[in-house]
Every structure is written in structure tokens, then in C-alpha cells.
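*Asks:* Pasting the relevant annotations from Swiss-Prot:
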type	residues	note
MOTIF	57-67	motif ''HIGH' region'
BINDING	559	L-isoleucyl-5'-AMP binding site
MOTIF	600-604	motif ''KMSKS' region'
BINDING	603	ATP binding site
BINDING	899, 902, 919, 922	Zn(2+) binding site
């Protein structure tokens with residue numbers, strides 16, 4: 001007789017090999033055909049909303065690994081919230097204006113932007129932006145990200161631009177928009193002002209020079225201390241040699257001690273506490289202090305500029321520190337924020353001798369036409385000729401660069417439009433406190449940034465963007481902006497988009513009959529556009545407030561930690577300025593992606609990993625699993641080795657799912673499910689372990705701690721299931737009659753585990769869960785066409801049975817000692833497979849009573865026979881002794897013959913005439929099966 005045919009061997013068409021790169025696109029196609037996004041919305045329609053507002057990625061180039069991680073995290077959250085019963089729409093967006101797209105348009109046209117009309121240039125920019133959106137959209141969808149991909153929000157859409165104009169108008173109405181001459185970050189390469197969020201810092205080697213300014217007027221305070229002023233100098237230090245021609249003052253700290261120190265024949269004035277440092281760095285001779293003054297006592301003195309016949313005023317400033325330099329700060333109001341502010345207090349000119357392209361103008365005699373970096377060498381030579389260069393060295397320091405072209409930037413005073421953060425700073429700081437920040441340090445970080453930030457320079461000297469909606473009187477030059485002009489611009493932008501600004505005259509845009517206070521009716525348009533951070537920072541108004549599926553404020557903003565100074569902040573500022581509160585309730589940040597050694601990814605290191613390559617080789621689900629494999633609030637490491645580890649972890653989860661499916665082929669959940677009360681104790685233990693995972697994972701996900709997923713699910717599949725419960729269960733599943741209560745109890749448990757597990761992994765392993773779901777039989781209440789339409793598992797209180805939990809946890813702990821004893825016996829060649837073993841247990845009285853509470857211990861230990869000895873019975877000397885329990889174990893070869901059907905050794909094999917090669921238990925099971 002072929003006894004294999006009497007066994008309930010596992011069977012399923014669910015493939016062992018995932019083949020994700022091929023299978024995932026098929027699942028994507030199925031989702032699109034069923035319109036899964038709108039079906040999930042319909043399912044939870046009318047329920048409480050959960051809005052994760054998408055921070056728009058820039059529409060330029062392929063997505064990188066960091067962008068992929070960000071989008072996957074968002075998708076996991078939205079899918080989890082949907083399964084929890086929230087109406088959780090996800091409207092993706094794109095940031096579509098700005099310099100990078102202009103640069104691509106210039107490449108496409110093969111000309112300079114000044115050589116074509118703004119309208120023609122903007123059309124090329126728009127076409128390029130749309131091409132990038134379509135490319136990135138396909139890449140995001142391939143990651144398994146679910147969203148309203150057919151209706152994304154774009155910052156170039158007319159409706160969006162009109163709403164942005166409205167935000168600008170509201171801020172202007174409240175007095176928060178002004179035009180001023182101020183030093184701003186300026187990129188000579190891009191010929192435009194930059195916001196703080198557009199600055200990156202890189203190490204750079206620069207000049208480090210000490211320059212002396214001869215004292216011209218000491219206000220009589222040095223009388224009797226020095227013979228004459230011809231050899232008395234204030235000494236400054238700078239790393240920006242090119243700013244020396246713009247020097248108008250020297251700033252001292254009012255409370256610092258300033259020494260007149262004699263170095264040879266000359267007297268240098270500098271902070272007393274910096275003398276030794278300067279002496280060493282400048283390689284000066286020994287000195288003698290001849291007098292000490294407080295900084296405030298030197299205010300109003302005058303020094304002579306070393307290059308020009310003009311004075312440098314000695315002024316006071318609290319910004320002067322002793323961290324570096326001489327304590328005498330070179331002050332050029334046209335080239336520094338603090339220089340500008342302190343210069344305003346003293347009525348200093350805002351001198352800016354540098355043009356838009358970084359070249360000196362005739363305001364710097366002797367250097368006109370020189371590029372500022374090239375001028376460094378010439379200026380140093382002139383300082384030497386003037387005997388004003390005390391010392392020069394080279395220094396490596398962190399220096400600001402343009403985030404787009406990576407060129408060094410400069411501080412340069414120009415007329416720009418600003419948003420007065422000072423006008424609503426306190427409101428913004430208050431709003432920050434009302435938001436939940438994850439991690440919590442995010443609150444302090446953005447608080448410090450907002451508290452310390454300067455006013456926001458919102459104008460850009462470019463073409464591709466939303467124009468600043470301001471007009472100027474042709475006669476008197478006064479700016480014109482009011483409700484009527486804003487409404488007129490808004491209406492036209494809503495109809496025609498912002499191209500209208502470049503296609504229409506001021507007269508065509510403005511309401512009829514509008515006049516300036518001076519009586520003129522002739523106006524011209526502002527030529528600057530808005531900072532792209534104002535674009536994306538207006539999304540809360542342009543998207544959350546206007547989209548029919550969304551609401552304001554958002555429940556969550558989720559971006560990289562660099563967005564504390566970017567989108568989080570620009571959104572906060574525009575929202576507080578116009579609505580008095582933050583546009584989000586919660587803010588979650590993730591770190592950056594680094595390589596396996598923790599290094600930043602770069603072309604020079606060749607350590608970058610393309611998400612497209614990961615998907616092609618491993619599949620999107622592996623990338624999604626990696627996203628939650630570690631604490632993403634810190635920097636995330638990725639490498640081929642790490643991806644292989646993810647693949648192995650994934651395989652364990654998939655194998656567990658396959659085992660569950662393969663043992664449910666003849667199980668109908670509507671007919672064959674047993675009530676909890678009829679399950680075996682070990683089944684109830686398994687459901688307790690499952691329940692614990694549901695509880696812990698739900699708690700973690702609710703706190704945005706998605707990085708607990710891999711540990712919890714992987715441990716459950718590998719430790720609780722594969723290594724323990726499922727291994728023990730095989731005998732009951734395979735050898736018992738197919739419809740027996742014992743097997744149905746096992747299958748009931750497996751079904752609950754599978755149905756729960758597939759839902760738990762659905763937000764993360766979005767493709768694999770869908771594949772598993774399609775192979776499952778479902779009860780009539782849960783026969784959804786997609787797992788994404790199923791609910792998140794609930795914690796079942798009845799599964800938390802303290803008596804069963806404690807009892808079986810202890811037995812499984814003892815089982816570790818049994819396994820150790822079996823391994824020793826296997827090493828000693830006493831047995832091969834554990835089913836060849838008989839285990840004799842010599843317990844204490846307490847453990848004896850404990851073991852008597854179990855039936856069929858041999859199936860739990862996966863051996864053929866267990867003999868429980870009386871407590872007083874002595875164990876043989878060679879017995880294995882437990883370190884943790886009062887217990888000794890002896891392993892010998894089991895008596896009897898091996899059963900051909902169940903493989904256990906039994907003395908009943910050969911005792912049944914009809915079935916001479918199987919044990920009595922198996923014969924009984926076959927008999928019961930034939931009677932069904």
C-alpha cells in the first residue's frame with residue numbers, strides 16, 4: 001500500500017521563488033484595472049479623515065534612493081491608516097519651478113536664457129517639467145505607492161498658482177512683505193539670490209589673512225601711551241580677502257578687554273585674550289602690553305582703510321566673539337548680515353561693489369572687471385605693497401555653496417523682496433509648540449532655526465516661476481499692491497496660468513481705472529519671481545484647503561530632516577502669517593541614506609545605489625522591507641550586503657506564508673473553523689503569540705515606529721512559527737484524518753495566523769501580501785478582491801490566557817534543554833534524526849507535577865518516546881543536567897521499528913496484520929479516514 005496517499009501532505013500553487021521583479025508589475029496592472037485607490041477611498045468614505053500631505057519632490061531627474069525611501073514610508077503610513085478604518089487619501093505632488101529646470105531648458109535650447117523671450121523659455125521649462133513628472137510618476141508607482149496618480153498637484157497648475165498669489169496677497173495685506181536693500185546669499189553662477197534652504201556647506205580651502213588698519217583718530221585716548229599714531233594699528237582677520245575693498249568699519253565687543261600690544265616697532269590693537277593665538281598663527285615676535293581698554297572705550301575712533309583714502313569707523317557689536325580672529329571684526333555692510341545690521345545702527349553706507357555675475361564694479365577702484373575670486377590675489381599684493389598685510393595662511397573651513405550648481409556663494413547687498421519673519425516670529429514659535437514632532441528633537445531644531453533666522457528673501461532673478469504680483473508706477477516708482485490688484489492677478493492666473501504675466505501688459509492685467517497716489521495710470525510689472533520655497537510652502541493653502549478629498553491642517557508632514565529649514569519651515573511661515581497656526585498636527589522626519597560604512601553617497605566614491613537597480617534585481621518589496629529594517633529617524637545604511645540580508649529575511653516570511661497556505665488547501669473557513677474553546681492548548685499558545693505581535697505592531701505603527709516591523713514579524717515567523725509551532729504541528733497536520741477535530745483545530749489556527757499575518761505585512765510587503773491574498777480561501781465576510789480592502793487585525797482579548805501562556809512558555813523553555821541533550825546524542829552517534837530518540841526525563845517533584853499536565857510530550861519534543869521518571873528515581877551518571885531547571889535528561893535510541901507512515905519508532909510496528917510496516921496509531925488514523 002502507498003501510505004503517502006493516506007497522508008495530508010502540503011500542497012499549494014503559491015511559488016516558493018518570489019521572482020518579484022517579474023511578478024510585481026503584474027500585480028500593479030491588476031491594481032490599476034480594479035482602480036484600487038478609489039476603492040479604498042470608497043470603503044472608508046464618511047469616516048474620520050487622515051491626511052498625510054505629500055511634500056513635493058523636485059521634477060528633475062530620476063528618483064534616488066532617499067526619495068524612494070521617503071515615498072515608501074508615506075505609502076506604508078497611508079495603507080496602515082486605511083486598514084485602520086480612516087479615510088486616508090494620498091494626493092502626490094511635484095515642485096515644478098526653479099533653477100534646475102531652467103538649467104535643463106538652457107541645455108535643451110542650446111542657448112542662453114536672455115536670448116529667447118520669457119514665454120518661449122518658459123514653454124521649454126514647462127515641457128521639461130512635465131516629462132520629468134511622468135518619468136518619476138512611473139518610478140513611484142513601481143515602488144507600489146498607492147495614490148491619486150492621475151490627479152497629482154503641481155506647483156505650475158493655474159489653480160495652484162492662483163492660490164499662491166492669494167497667500168502672497170494676504171501676507172502683503174498684513175504688512176509682512178517689503179522691499180529692502182540687504183545682504184543676501186547670492187550665487188554669481190546662477191545670477192540670483194538664494195534662500196537659506198538653498199545653501200549647502202562644503203569644506204573649502206581659503207585665504208586666512210591678518211590686515212592692519214592704521215589709527216587715524218584716537219579721540220585723544222592714547223595720549224601718553226604711544227608717542228604718535230603712525231605705528232598704531234587695529235588688526236582684523238578675514239577669510240574673504242575680496243571683501244576688503246568694501247570695508248567701512250571695524251567692530252569691537254563693548255565688554256572685551258582690548259590690548260595695545262607692542263610687536264617690535266609697531267603697536268597692534270586686538271582682544272587681549274586673542275594675543276597668544278594670533279602671535280602663534282601669524283608667526284609674530286614676542287609682545288609687550290602697553291595698555292588695556294574696554295571695547296566700549298574705543299568706540300568712535302577712526303582708522304585708515306589700507307587700500308583707499310577713506311576712514312574705517314570703530315564701532316561696537318554684540319556679535320563679536322573670541323572664537324577666532326583678533327576680536328576686531330572687519331565690517332563690510334554690503335557683504336554680511338551682521339555687518340549690515342550693525343552698520344545700520346551707525347548709519348554706514350551699504351556698499352556693494354560686486355555685480356550680479358560676481359565681478360567688481362567701479363565702486364571698487366583698481367579692481368573693476370575682476371571676478372571676485374580672481375581679485376583675491378591682486379588685493380593681497382596691494383595690501384603687501386601698502387605694508388598692511390600682517391600675515392597670510394590657508395585655512396580649510398565649511399563654506400556655503402549653491403545647492404543647484406554647487407558653486408561657492410557670496411553675501412551681497414541687493415534690493416530684494418522679503419517676508420518679514422520678525423513680524424510674526426513669536427506666533428511661529430508658539431505654533432511650533434502645538435505640533436507633535438517625531439523625533440522629539442525636531443521641535444528644538446526648528447525652534448532654534450525660526451528664532452534665529454533673518455527675514456526671508458523671497459525674490460529670485462529668474463524667469464521660470466510664479467511672478468511676484470507687484471506693479472510699479474512709471475512716474476514715481478512706488479510699488480502698487482492691494483486687494484484689487486491681487487484679485488486681478490489671481491483671476492487671470494486661474495484662467496491662463498502665470499504665463500499671462502509675461503504675455504500681457506500691466507494695463508491688461510490691472511483693473512480698469514486704477515491709479516497711483518501720484519495720479520499716474522501707467523504701471524510696469526515686477527520682473528522677479530518667487531522663491532520656489534514659497535511655491536511649495538503654499539501647498540497647505542493650494543492643496544489641503546482646495547482639494548475635495550483633503551482637509552486643513554494635515555495630520556502629518558513626513559520628509560527628511562533637512563526640511564526643518566526647508567518645506568516644514570516655509571509651510572509653517574506662510575501658514576502662521578496667513579492663518580495664525582501650523583498647517584500640520586504632526587511632523588515626522590527621517591535621516592539620510594548612507595552606504596554600508598555610514599558614508600554619504602557620492603559619485604566620487606562610487607557608492608550610490610539606484611532604486612531602479614534594486615527593483616530590477618530584488619524587487620520593490622525588498623526595498624520596502626529595507627525601509628523599515630532600522631530606525632529611519634537616523635541615517636539609514638544600504639549596501640548590497642544589507643540588501644542580501646533583507647532578501648533572506650523576506651524569504652523566511654515568504655516560506656512561513658507558503659507553509660500556512662500549503663496546509664489549508666482542504667480548509668473552508670466558512671465550514672471548517674472551530675471555536676477557540678475547542679482548540680488544543682498549543683494552538684491557543686500560538687494565537688497568543690500572534691496576538692502579541694498584533695498588539696506590539698499596532699502600538700509601534702501608531703507611534704510612527706515602523707522600524708519595529710521587521711523584528712516583530714521576522715521573529716514571529718522564524719522563532720515562534722517555523723522553529724517551534726509549525727514544526728510541532730506537522731505530525732498532526734499530515735498524519736491525522738483530514739477532517740479530524742485535531743487537524744481542523746490546527747488548520748483553524750493556521751488560517752487565523754495566515755489571515756492576520758497577510759494583513760500585518762500588507763502596508764510594507766504590499767506586493768507579496770497581495771499575492772498571498774490571491775491564493776487564500778476567504779470566509780464570506782472577508783472575501784475582498786484585494787488585501788488593501790481588508791481591515792487591520794484587532795487584538796483579541798480571549799487569546800490572552802495567562803494560565804496557558806505561562807504553562808507553554810515554560811515547556812518551550814525546557815524544550816531547549818531537550819534539544820541540547822538530543823544534539824549531544826547526535827554528536828555521539830546515538831541517534832540521527834530526533835525521531836530516532838527516546839527521551840528519559842528525571843525531574844524534581846515540582847517539574848514532575850508540571851509535566852503530568854501535558855499529553856503527548858513526544859510530539860512537542862519531536863521524538864518517538866518520552867519516559868517521565870518518578871522524582872525519587874536517580875538518573876544515570878551520564879545524564880544531561882539542565883542549568884536552569886532541576887532536571888536531568890537521558891537520550892537513547894527509541895525501541896521498536898520505524899513507522900513507514902509517520903517515521904516515529906514504535907513497538908507496535910509489525911503487530912497489525914493488515915499494515916505490517918506502520919504503527920498502531922497510523923493504522924487507527926487510516927481506519928478513521930476510510931470511515932468518513
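The backbone N, Cα and C atoms fix where each Cβ goes, and this holds for glycine too.
Relative to the rest of the structure, where do these features sit?
*Replies:* Counting only same-chain residues 6+ beyond the ends of the motif ''HIGH' region' (57-67), those with a CB under 8 A from a CB of the stretch are 94-96, 98, 100-101, 104, 129, 132-133, 135-136, 139-140, 560, 592-593, 601, 608-612, 614, 638.
Note on residue 559 (L-isoleucyl-5'-AMP binding site): other Cβ atoms within 10 Å of its Cβ, all shown chains, come to 20.
Summarising the environment of residue 919 (Zn(2+) binding site), the number of other Cβ atoms within 10 Å of its Cβ, over all protein chains shown, is 28. DSSP classifies residue 919 (Zn(2+) binding site) as coil under the three-state reduction.
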*Asks:* Cβ within 8 Å of the Zn(2+) site's Cβ centroid: which residues qualify beyond 899, 902, 919, 922?
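*Replies:* Once 899, 902, 919, 922 are set aside, the remaining close residues are 735, 900, 901, 903, 904, 906, 909, 918, 920, 921, 923.
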*Asks:* When you measure from the Cβ of residue 902 (Zn(2+) binding site), which residues in the chain that are at least 6 apart have a Cβ under 8 Å away?
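*Replies:* The answer is 731, 734, 735, 918, 919, 921, 922.
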*Asks:* Summarise the motif ''HIGH' region' (57-67) as counts of helix, strand and coil residues per DSSP.
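*Replies:* The breakdown for the motif ''HIGH' region' (57-67) reads 3 helix, 1 strand, 7 coil.
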*Asks:* Please report the Cα separation of residue 559 (L-isoleucyl-5'-AMP binding site) and residue 899 (Zn(2+) binding site) in Å, rounded to an integer.
*Replies:* 61
*Asks:* As a test of the contact definition, list every same-chain residue at least 6 positions from residue 899 (Zn(2+) binding site) whose Cβ is closer than 8 Å to its Cβ.
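*Replies:* The answer is 905, 906, 909, 917, 918, 919, 922.
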